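Over in TrEMBL, the protein carries these features:
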- A:6-26: transmembrane segment (TRANSMEM)
- A:61-82: transmembrane segment (TRANSMEM)
- A:92-298: domain 'Cytochrome c assembly protein' (DOMAIN)
- A:94-114: transmembrane segment (TRANSMEM)
- A:121-142: transmembrane segment (TRANSMEM)
- A:154-184: transmembrane segment (TRANSMEM)
- A:209-232: transmembrane segment (TRANSMEM)
- A:247-266: transmembrane segment (TRANSMEM)
- A:273-291: transmembrane segment (TRANSMEM)
Amino acid sequence: MSTTWAYISNYLVYSSMAVFTLAFIAHSYETAFAVRAPHLADSAQGNLRTKTFDYTRTEKVARVATAMMILGFLLLFAGVIARGISAGRVPWGNMYEFSITGALAFSGAYLAALRKYDLRWLGLFVSISVLLTLGTAVAVLYRPSAPLVPALKSTWLVIHVSAAIISGGVFLLANVIAGAYLFLDSMEKKGERAPWAKRLPSLDVLDQLSYRLVAFVFPLWTFAVIAGAIWAESAWGRYWGWDPKETWAFITWVAYAAYLHARVTIGWRGRRAAWLCIFAGSTFLFNYVYVNVWGTGKHTYSGL
Amino acid sequence: MKDNAPEIGTVGLLRFAWRQLTSMRTALVLLMMLGVAAIPGSLIPQRTQNPMAVTAIFTDSPTKALWYQRFSLFDVYASPWFSAIYILLFISLIGCVLPRAFEHYKAARALPPVTPKNLSRMEFHSEWKGGGDELEIARQWFKKNRFRLRELDGSLSAEKGFTRETGNLFFHLALVLILIGVSFGSLFGMRGDAIVNVGERFINTPTTYDSLSFGKLFNEKSLPPFSIEIDKFVGKYDPVTNAPQDYTLSVTVKSNPESTPVKKIVKVNSPLTFGSTRVYLQANGYSPIVTVRDSLGNVGYQGPVPFLPQDANLSSTGAIKVPDTNPQLGFVGSFFPTIGRATEGGGISVFPEALDPRLFLAAWTGDLGLDNGRPQSIYRINTDVMKKIGLKSLAPGETFTFAEGSITFETYVPWVNLQVVRDPGKSYALLGGIVAILGLLASLFTRRRRIWVSVINKKVEIAGLAKNAAPGLELEITQLAKALGRAE
């Protein structure tokens, strides 16, 4: 019974990878084939190098790409659920499970933001990141589905880990957007934006968007830390013990608090704010990768 | 005064220092420093979490360890420099928040400001010819949408969103509350560990602990007088992966010597609670029960001896010291709950449950060194001045006989490590945490804005102003204008 579900989960995760690959291809096609050959008028003037981009030409492909992202998300969602059923618990017991759920949260945050902003230019990046995460999870981190160790048997697992994973997904999205800001900003400083980058939102929009994502999810991250403390109190006999994972969660919290203060109170915008945002997001990634895999302490549930 | 430099004096200097400390920029720098200062503690082993690793550094590279020690790098979170940063940060925070709280209190009681003369300079301004009853409609609209309102001759000035600053202030004050809770807990709290065999009773007095540490202001007499009898302990493990699945500890508890005993179950995530003291199940292992006799057959020792687990399959090591025989006897031992393929000179446990237990013993005779008064570990024997008798592997019921006497491995019992923690500050910290989140939500998701409506000679004017360029004001003003009858 449980092994059947574990197999089903694996097939669903593999299928979602196939679909995310299609989304990736569609997004690459979209970017590549929106290029229009130089205008005749231009070539008449001897200018053969001015390529233009016409995204109306690839609108259909862009829609296919988004549809694939949604399908991939749904398959991955089903895969995560099946993994949970196979183990008879929430699927957050080891690093493989954190990774597939993290990929789910990241693609979910992208799709949710897509409802309000046209972020399809990010699709190429999002699909490749999700593919890399899932690829690593399947190839390196995979562990057979198994019940939880006693310390993880608690309702707080659901509350604490879900809050942390959702925060992580949104933090990373904010990071990607801050990264895009820095890239486009240096491009604009050298002159005009390259043709392909013209449809990307203005610098102001990117700047605002990464701030809003952080401001939106910072209370959730605070909650994740506090929920973790409440759980630690009942499982380990102290609510805060400077365990490496706790320390880095605290560092991430401090970094984002500094980011929010820098923006709201001192009025940082643009490059400086984007760098601070990326720094804060990196502390989260470091916590996830380094502390889970090489770290010591009580949060070593990676199963590696 | 010898020269003409302006004298600022001590008071002036202090005022300058205070202003610098409580400035936003300083607070931000301190906040970032706190984050950076927390990093070394996660990369270098800390005494409180991993004392063994600290000792290992001292043996492996004493010079490095000495330098680490000098900069308190083994106790980062209790170090003077870490404390200095967070104390300065909190002083800065209080110095920043208190004046703001006072100002906010005054502002919240004051009426919104008078309508500006020239509304067209404000945001989202529009004007049209109206019917004359617009002020009344606007008043009702503001009341319904819970704006604070100031009625002036021919105009209304409305303001909303004070919750933003209220939430902001509560968030920062809640952080102070958390810090108070943490300090209170460490000053008045205690933490102790005791290994108790199944069948034995733990009585909460300082002498029953294996290790005990308490805060500077903790009174030893305030240990609650409870006792816990360990009835049964069951550890369940996955037969394939050997990973633990469940630990269940059954106990009989008396909250004081006179009270009636109550049966309770303790699990990893559900400790026992006695007021602000909680008792946690933190570890478990095995105690072989042995009988040691001297050469005449007199019993020198009989009972369980806790062995310390060395791996996930509970291969355990320990020592049995028998000072009452003549000569003294000592046994350095290993206990394997399920013995694997025996290799030369050692063994290995292949499963944490006691399915096929073995006790490996090295017997020694001579001076155990217990009489010189120097404290020593109960899990180790210094065999420097002792003579080796021999080695033996014993199954339950078997006896190892030698010239100086004998030892019988009768059977074994599980032991549990009870961790007793008293933290009277944790409820303040929790309250601080909850208030912090609520304050944060209020400050991040409410917008402070003003809207003005003026009607002079049937000319209706409307405009607004959003603090911090908060979005959404345009929509709100459009809605109000529609209610007032502005044509689309």
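Glycine is treated like the rest: Cβ placed from N, Cα and C.
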Among A:94-114, A:121-142, A:154-184, A:209-232, stretch most in contact with the transmembrane segment (A:273-291) (C-beta, under 8 angstroms): A:154-184
Most Cβ pairs under 8 Å with the transmembrane segment (A:121-142), selected from A:6-26, A:61-82, A:209-232: A:6-26
Per-region confidence, the domain 'Cytochrome c assembly protein' (A:92-298) (mean pLDDT, whole number): 88
